[in-house]
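Here the structure is laid out as structure tokens; the discussion comes afterwards.
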């Protein structure tokens, strides 16, 4: 088996990312974009990130916070008053063409993520950035992987103890869900 390029060192303690402060000019760009489209797609968020010189993940958080502060409907086309009907009309449902493509991880990337998850399921920004650099993916993808893994772990804990899980069910799982299949050979 090949040696890892990076020696295993414990990740730093939890740390929060410092608050992102936008200038008046940046805010004007973001507010204009929000007024035009409060649910921008991935490409639009990337373009805005380049315009305001920040990460796409910061743009995504800004839009989420803005929608929350302004009591925006959950989805485009959805009404604020639940009595008037639920969900967006079919003709206004956004397509999937503007979404980020699914991130695929290699076996070694997954193994590194899983090992770190066992040590610390809630890594701080410093740990996530170091881990992202180590495995060669953006920090935002590492953050989402940990969120999904915690969610999956909590869902599995909620199952009843007597509930049997078919052993063959997990045989076909692919690597993107975070499981490493097969046995290691030397």
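Cβ coordinates are placed from backbone N, Cα and C, and glycine is handled just like the others.
Copied over from TrEMBL, here are the features:
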DNA_BIND  15-74  DNA-binding region
DNA_BIND  98-157  DNA-binding region
COMPBIAS  75-84  compositional bias 'Basic and acidic residues'
DOMAIN    13-73  domain 'Homeobox'
DOMAIN    96-156  domain 'Homeobox'
REGION    1-20  region 'Disordered'
REGION    67-109  region 'Disordered'
REGION    142-186  region 'Disordered'
- Item | Structural state census, the domain 'Homeobox' (96-156) (DSSP three-state) | 42 helix, 0 strand, 19 coil
- Would you list the DSSP helix, strand and coil counts for the residues of the domain 'Homeobox' (13-73)? 38 helix, 0 strand, 23 coil
